[in-house]
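Reading through the structure tokens given below for one structure.
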Ligand SMILES: Nc1ncnc2c1ncn2[C@@H]1O[C@H](COP(=O)(O)OP(=O)(O)OP(=O)(O)O)[C@@H](O)[C@H]1O
Ligand SMILES: [Mg+2]
């Protein structure tokens, strides 16, 4: 989960009290929590964006979940069953503790905004699992826990990580997911250890197409449709064969219904991924997710991070760096990840960049809907790079293809100017 809300009270003084309050609150109502001061999750490696829009939120946030969900609590989620026919199981703390070898160090997978994640083995189902334990001193809370359980209990798609169950015993909050053996996309794209090979072009396009299908399910197939709000490389987990699945739904929101075009809510997102329109107005739309998807696609193509504080200021924000390059097709080759070593189909690169450029347009109305992105990426993923057909792009051939590009009439439609506000 990428972001969270947190109260502005002194942590020490109120921690226990706050925790008890949260528990009671969650029993009463999923969304009926007092307004909080919004901060975006400060993950050590990431820059964060402070929320700036509380406006209509207090009034409207209550309506973000479908009325059916408003009075839901964890017991109900399990008792009521779910639309996909399988119910998230409840686990005792002892059972999960045993599954991860009493929180053994070598079971530790990593840590995010929610808390620590461990690999474990469930005896009950003889299954490999990943178990996330809510950090009680952390800034993500019961609300995110319940939204996560609710969303994943409603959803069932091959490109969404499966929630196997949860533990809500005493003050413990743990989530049990299917284990994704290849970890996160982020770990395969950025800061690779020396000598580890980066992802090849075909795998990148496969991941992009699969992630888009997961998002399409949330936007267009699920009822009610969901705005994910936390799309980023660290939340795309990889299974065998680099099969991608979206994870972390604690920030997800039910999309606008009827004539409403947006959901007004506090701004939560990660630098580099958050759509500028949402960041400025607090108006969340399906197109906010499309922007974040465009950033992920750009990361896949370029190998650059969405926001990289180590880079020269002009190159820190990936979209700001890419925008001027989008305008000149002759420069497209400069955007290909150097670790691909020229092993990509030129046409495929151009098409992938065209899709990314459309997704990150400043005007949300100019961004495509996810179904169109899926169609385009499925086609791209089917056009495999084959070194026996496609020549490796040396700098000489790149220059030649850029000269050809000058005379071809393929244009990326973009209405944006060069300014970057995200
Ligand atoms: N189901 C899973 N299978 C395997 N590894 C997982 C699973 N879920 C999470 N992880 C790993 O655990 C680590 C922490 O994940 P977590 O989602 O808590 O944090 P994050 O994605 O890095 O940050 P954020 O809080 O922004 O989501 C990551 O390295 C992630 O790859
Ligand atoms: Mg995550």
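Glycine is treated like the rest: Cβ placed from N, Cα and C.
Curation does not apply to TrEMBL; its annotations are automatic.
Given the structure is predicted, the values throughout are model-derived calculations rather than measurements.
As annotated by TrEMBL, region 'Disordered' applies to 1-66, 387-422. Annotation source TrEMBL lists compositional bias 'Basic and acidic residues' at 10-21, 40-63. Residues or ranges marked as domain 'Protein kinase' in TrEMBL: 103-380. Marked as ATP binding site by TrEMBL: 132.
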Taken over the domain 'Protein kinase' (103-380), the model's mean pLDDT: 92
Collapsed DSSP category at residue 132 (ATP binding site): strand
Other CB atoms, at most 10 A from the CB of the residue listed as 'ATP binding site': 25
